[in-house]
């Protein structure tokens, strides 16, 4: 449902800054803005910028640069005016209040993006990518969101939809002319459904990798008690995140810290020291440590250079592992021939941490996105709907093999198209739209 009113909001985050932006969109955006600006906004051409003074009730608010983008050549598809004023809280707030006093309505979270979607400027997948771009915490999450916003995900979904529509058209012909001998034509919809299934499966298979790239690679620090795992976590992140004492078994639970290394996100996981114990609480912590090791993508096995070398757990041989010798400022570690990279550090002095960061960086850059157009799913909503599409296509393919009635096959394909419609936004409900855009910031 298209909106008829004019909305306004501050588009920049609160606080000190060189520039703040107030955005207005809607049928009366130009006339409302014109009433508070010293220049003649109504006479300005689209996509031009003009310097002037914002005045309301004969009071000068601020000098501002005004940008005009006329319908339909704007982000929302409506007339848009943006006021670029001095940063800080008061100038932009007073400009917004003036716009509201002249008839604009305060925008809801994500309402500008929602209008762009409703006016056909972007689809729902691209709209969701805007929030992902804003909230990206590392360079991979940014590239994934950028690819989605540029339409690469939408193109893949559109390909699936086109193949299903072609298959459905063949099936409807078969249903309309059952007396005709066109059995050989049944291979055509099977081919289209198979192609659609292949693309769908590729997208579904990208979900775990997309989640890892967007959320960060999980690296667990594990080892015997008092080896210095918590000290290493604190040293790497440069935070006093974990409690450090000389008492073995201080860490009883999993402690996770996000850390960005050269644009890549790591989830560093500190864990309880692994040993035999009768303490019930410590036992639970050790079990969680083992679970963290099994679920992590890499292990930093921390050893005390001054202590005897214990037997290594089997899981170290099954995952990317670095053998991290700590406390090398007070003891020399033994010479071992093991299939792991060995790094010698001191959490106390900082020795060896440059080499450790280089090794971790090498791990992280095994997947390079850069300007690649590869599509990764990261949204649970997208994954759920595509899984429904996959189920419907699989059922349709099975139905062909079992010679089910064409009406049953057509029903499966229509259900698949319905899920795709929910994905792209062509059939989405207002409740779903409200839930999606409510997560956006105001002014976007």
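Note that the numbers count up from 1, one per residue, in the order the chain is shown.
A Cβ is built for glycine as well, from the same backbone N, Cα and C atoms used for every other residue.
The following features are taken from Swiss-Prot:
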- 23, 82, 121, 444: (6S)-5-formyl-5,6,7,8-tetrahydrofolate binding site (BINDING)
- 216-365: domain 'TrmE-type G' (DOMAIN)
- 226, 245, 247, 250: K(+) binding site (BINDING)
- 226-231, 245-251, 270-273: GTP binding site (BINDING)
- 230, 251: Mg(2+) binding site (BINDING)
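What Swiss-Prot annotates, mapped onto the structure for a quick look.
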residue	record	DSSP class
23	(6S)-5-formyl-5,6,7,8-tetrahydrofolate binding site	strand
82	(6S)-5-formyl-5,6,7,8-tetrahydrofolate binding site	strand
121	(6S)-5-formyl-5,6,7,8-tetrahydrofolate binding site	coil
226	K(+) binding site	coil
272	GTP binding site	coil
444	(6S)-5-formyl-5,6,7,8-tetrahydrofolate binding site	coil
Alpha-carbon spacing, residue 226 (K(+) binding site) to residue 82 ((6S)-5-formyl-5,6,7,8-tetrahydrofolate binding site), which is rounded to whole Å: 58
Fewest other C-beta atoms within 10 angstroms, as judged across 229, 444, which are the binding-site residues: 444
Pairwise Cα distance maximum in Å, (6S)-5-formyl-5,6,7,8-tetrahydrofolate-binding residues per record: 23, 82, 121, 444: 19
82, 230 as binding-site residues, winner by CB count within 10 A: 230
Alpha-carbon distance [residue 229 (GTP binding site); residue 444 ((6S)-5-formyl-5,6,7,8-tetrahydrofolate binding site)] in Å: 42
Neighbourhood of residue 121 ((6S)-5-formyl-5,6,7,8-tetrahydrofolate binding site), C-beta criterion under 8 angstroms, separation at least six: 75, 76, 77
From binding-site residues 229, 230, 272, the one whose Cα lies nearest residue 82 ((6S)-5-formyl-5,6,7,8-tetrahydrofolate binding site): 230
Composition by DSSP (helix, strand, coil) of residues within the domain 'TrmE-type G' (216-365): 41 helix, 38 strand, 71 coil
Cα-to-Cα gap, residue 229 (GTP binding site) vs residue 23 ((6S)-5-formyl-5,6,7,8-tetrahydrofolate binding site), nearest whole Å: 49
